[in-house]
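What follows is a short report on a single structure.
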C-alpha cells in the first residue's frame, strides 16, 4: 500500500508541474507547436537518468524513492499519449514536415537528455 501512496504523491506533483510547463510554454512561444509536451519529455528524460543514478548511488537503490520519483513524479510529468496526440494534430494540418521534425527531435533529444542525466548523476553521486 505504501508504494501506491508514493506513486500517487509523486504523480500528483508531476501532473501539476506538467500543467505549469504547458501554460508557460504557450505564453512564451504560442500554441503553434506543442512545446509543453516537447519540454516535459526532454526534462523528464534528463531527470530519469539523473534520478536513476542518484537512487542507485546515494540511496542504496531505494524502492520507495524509485516509486516516488521515477514511477510517480516522472510518470505524472511526462506523457507518451500527449506526444502521440500532438504528432497527429500536427499531421492533420496537412504538412508532414512539422510532425516528422517533432518526432525526430523528441526522440533524438530525449535519448541525449537521458545520457546527460546519467552523466550528471554519475558526476554528482
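Even glycines carry a Cβ here, placed using N, Cα and C.
Since we're looking at a predicted model, the values are computed, not measured.
The Na(+) binding site annotation in Swiss-Prot covers 75, 78, and the record cites sequence analysis as its basis. According to its DSSP assignment, residue 78 (Na(+) binding site) is coil.
Annotation source Swiss-Prot lists transmembrane segment at 4-24 (among others).
Among the features that Swiss-Prot reports, transmembrane segment is placed at 32-52 (among others).
The transmembrane segment feature in Swiss-Prot is assigned to 68-88 (among others); the stated evidence is sequence analysis.
Annotation source Swiss-Prot lists transmembrane segment at 100-120 (among others).
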- request: May I ask for the residues of the chain that lie six or more residues beyond the transmembrane segment (4-24) and have a Cβ under 8 Å from a Cβ within it?
  value: 36-37, 39-40, 43, 64, 67-69, 71-79
Query: Apart from its near flanks, which chain residues at least 6 from the ends of the transmembrane segment (100-120) lie with a Cβ under 8 angstroms of it?
result: 33-34, 38, 41-43, 45-53, 83, 86-87, 90
